Every structure is written in C-alpha cells, then in structure tokens.
Amino acid sequence: MEFVKCLGHPEEFYNLLRFQMGGRRKVIPKMDQDSLSSSLKTCYKYLNQTSRSFAAVIQALDGEMRHAVCIFYLVLRALDTLEDDMTISIERKVPLLHNFHSYLYEPDWRFTESKEKDRQVLEDFPTISLEFRNLAEKYQTVIVDVCQKMGFGMAEFLDKRVTSEREWDKYCHYVAGLVGIGLSRLFPASELEDPLIGEDTERANSMGLFLQKTNIIRDYLEDQREGREFWPQETWSKYVKKLGDFAKPENIDLAVQCLNELITNTLHHIPDVITYLSRLRNQSIFNFCAIPQVMAIATLAACYNNQQVFKGVVKIRKGQAVTLMMDATNMPAVKAIIHQYMEEIYHRIPNSDPCSTKTQQIISTIRTQNLPNCQLVSRSHYSPIYLSFVMLLAALSWQYLSTLSQVTEDYVQTGEH
C-alpha cells in the first residue's frame with residue numbers, strides 16, 4: 001500500500017529507502033543503554049512502550065538532557081493516564097491530580113487501580129520517581145512545578161466543557177503549553193541553549209498549543225466516539241446545536257466551515273513557532289522540537305477543507321513523514337516546509353468559506369517571516385529520470401521496506417492528548 005501511495009511522490013519513495021538504509025541514524029542516532037542503571041533502563045522501556053515516536057527523538061538528545069526529558073515525559077504520562085481514566089470518579093480523581101507532584105518525593109507511592117493502556121507508569125511509579133530524585137535539582141524544580149500546575153489545570157477541566165476559544169487556549173495551555181514551557185526551561189538548565197529560550201514563555205506556550213490544537217482538530221471523530229469534546233463551543237455552536245451533529249452527512253458543509261475556522265485559529269501560532277525554532281542552537285534539541293512541529297503543519301494542511309475529518313482518519317503518508325523527518329534539521333529547511341504547506345492551504349481556500357479572508361491574512365503574515373519561495377534541495381536536486389530509476393530498483397526489494405521502523409508509523413498516527 002505504501003508503494004502505491006509513493007508512485008505519485010517519487011522523492012518520498014527515495015527518502016523511504018534512504019531512511020531505512022542509514023538515513024534514520026543521521027536524524028535519530030541509536031542510544032547506548034549498556035551503562036544505564038536497571039531502573040533507568042526500565043524508564044526507557046516505558047518510554048518506548050508509551051510513545052515510540054517521542055522516544056526516538058528524546059533518546060537522540062545530547063548528554064544529561066536526554067534523561068531529564070525522559071523522566072519529565074514519563075511523569076506527565078502518568079499524570080495524563082490518571083486524567084484519562086474514566087473509571088476513576090471525579091471526587092477521587094481531583095485530589096490525585098492536585099497532589100500528584102508531591103508523589104515524586106514519596107518512594108513507595110503507586111496507583112494500581114487504573115484501567116488505561118499505559119497504566120504501567122502508575123503501577124511502577126516508584127521506579128520513575130526514583131530516577132526523578134536522581135536528577136540534578138535544577139531539573140527536579142522544573143518538573144515538579146510543571147507537574148503541579150498541570151495537575152490543577154486538568155482538575156479544573158474534569159467536569160466542564162471547553163466553551164470559548166479563550167478557554168480552548170487555557171485547556172491546551174494546561175495539557176500541552178506547560179510541556180513546552182517546561183522543556184524550554186530544561187534546555188537552558190542543561191546549558192545547551194541560551195536563557196532566552198526558557199524566559200520567553202509566550203512562544204514556548206505556542207509550541208505546545210500548536211501541537212495540541214492540531215491533534216484536537218484531527219481527532220474529532222475519535223473523540224466523539226469516546227465521548228470526549230475538545231472543540232470550543234463558541235466556534236461550533238455557530239454552525240450546529242450539538243458538536244456531534246458534524247458527523248451527520250447533511251451537515252458536512254457546515255462541519256468543514258467550522259473545521260476551517262479552527263485551523264485558521266491554529267495557524268496563528270506558526271509565527272511564534274518560527275521565532276522559537278530560529279533561536280535554538282543545539283542540533284539534537286532543534287531536531288527534537290522541529291520534527292513534531294513540521295508533522296503538525298503537514299497534518300493541518302491535510303485536514304484543511306477536508307470532509308474526511310468527519311468520516312474517518314486523516315493522516316499524512318509514511319513517505320511524507322520520513323521526508324519531513326530527514327529534511328527538518330535546519331531552519332532554512334523548516335521555513336521551506338512551512339512555506340510549502342501554507343501555499344497548499346492558501347490555494348485550497350474556498351471563496352465561499354466564511355473564514356476565507358482571515359485564513360488568507362494569517363498566511364500572508366506567515367509569508368512575511370522570510371519564508372523562501374523555493375523547494376527544499378532534497379526534493380528538487382534529483383532529476384525525475386534518476387528518481388524513476390531508483391524507484392525501479394527499489395521496487396524489486398519492496399519487501400525489505402515493509403519492515404520500516406515503527407517510529408514513522410507513530411509519527412503519522414499517534415495523537416498525544
């Protein structure tokens with residue numbers, strides 16, 4: 001199936017080959033775990049089990065930053081698992097969320113009653129908290145602070161809906177913006193980045209909001225089936241009486257109009273994303289931050305004006321994901337990627353769309369940030385004849401490609417709420 005999808009995109013097929021035959025290690029080097037303690041090895045095992053996509057880029061981080069971000073992720077994954085567990089009553093869940101940050105200093109605390117798929121991070125929380133306490137104090141301080149704020153924020157939204165767009169921003173701040181702020185404080189604490197990265201919380205928050213809003217938009221149908229609602233009522237109530245009505249065929253035109261309005265809202269974070277990424281100096285941190293952002297940008301472009309959001313799953317091609325991972329390793333390339341997908345959206349804006357003018361305006365604003373009007377070198381350097389020849393040779397060994405690393409599948413399919 002991936003071979004068929006790549007026929008119209010020969011550069012993606014070529015990049016699939018390069019990725020499998022060594023290109024992956026240039027972007028995501030393999031981590032040596034031989035020198036790790038048994039408890040830290042267990043933490044990395046949980047990291048790979050709960051999110052292979054984030055595990056790949058986390059394990060590619062330099063120095064002690066790698067362990068700090070690994071533990072940060074697992075702590076927040078445990079907190080998120082508590083929040084998501086619908087079998088726990090709100091009366092019991094609220095104090096758990098409020099006090100969760102304190103459990104990091106209780107060596108024996110664990111929670112064994114969760115029914116969620118990632119419950120192992122709660123059941124074996126003593127292993128995670130042990131490695132947390134082994135971190136330098138400068139990292140512990142950041143993780144505890146973010147964990148406390150996130151726990152209180154999650155508790156606030158347990159029994160209330162996202163009403164306004166302002167509330168949407170607030171919810172996304174609690175569950176994702178705080179992650180961006182926390183990471184941005186960890187980076188300079190490691191001395192791998194300048195203090196400004198951690199001081200500019202507005203742009204760090206935008207990094208998280210952009211990813212979270214993209215996931216919420218894409219996952220409309222899945223969330224509806226699970227009884228969850230994250231689209232802001234202020235927006236969708238202009239089109240239908242109930243959010244679930246968008247899934248009805250007779251409402252598809254209204255559904256797409258609302259979709260386009262939310263995507264336009266989300267595009268407003270891209271200028272902050274560009275500014276944030278342009279300040280990064282460490283290569284491993286740049287890759288860690290840039291890859292999820294360009295994946296989200298490609299996903300938004302795939303969702304824009306697309307009825308499929310309300311009918312099934314919208315995801316980018318595996319070859320497209322691999323190409324983005326291999327290209328997004330420097331700022332000029334990231335700018336070119338953003339330019340490409342902004343143009344895709346711009347040329348698909350319906351004249352009849354109520355939000356068309358606003359969409360055009362934000363894309364024009366993004367264009368002013370020195371986005372190059374050109375293709376990426378890796379996508380235009382090779383001639384069509386050369387690419388076709390490569391495809392012919394590659395087709396003979398397609399079975400080999402079927403074992404392509406699961407990391408690319410996760411980047412395409414995994415939405416982390």
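Cβ from N, Cα, C; glycine included.
Under the heading NADP(+) binding site, Swiss-Prot lists Arg52, Arg77, Arg218, Lys315, Arg317.
According to Swiss-Prot, the Mg(2+) binding site annotation covers Asp80, Glu83, Asp84, on the basis of similarity to another entry. Its Cβ placed at the centre, Glu83 (Mg(2+) binding site) has 23 other Cβ atoms within 10 Å.
Sequence-distant contacts of the transmembrane segment (284-304) (same chain, at least 6 residues past either end, Cβ-Cβ under 8 Å): 27-28, 57-58, 60-62, 65, 69, 183, 187, 192-193, 207, 210-211, 214-215, 217-218, 259-260, 263, 266-267, 270, 273, 276-277, 314-316, 320-321, 324-325, 327-331, 334, 337-338, 341, 344-345, 348, 411-412. Marked as transmembrane segment by Swiss-Prot on the basis of sequence analysis: 284-304 (among others).
Swiss-Prot lists 384-404 (among others) with the feature transmembrane segment, giving sequence analysis as the kind of evidence.
It is 18 Å from the Cα atom of Arg218 (NADP(+) binding site) to that of Asp84 (Mg(2+) binding site). Among the binding-site residues Arg52, Lys315, Arg317, none has a Cα sitting within 10 Å of the Cα of Asp84 (Mg(2+) binding site). In the three-state DSSP reading, Arg218 (NADP(+) binding site) counts as helix. Non-local contacts of Arg77 (NADP(+) binding site) by the CB criterion (under 8 A, 6+ apart in sequence, same chain) comprise Thr50, Ser51, Asp118, Val121. Rounded to a whole number, the distance between the Cα atoms of Arg52 (NADP(+) binding site) and Asp80 (Mg(2+) binding site) is 17 Å.
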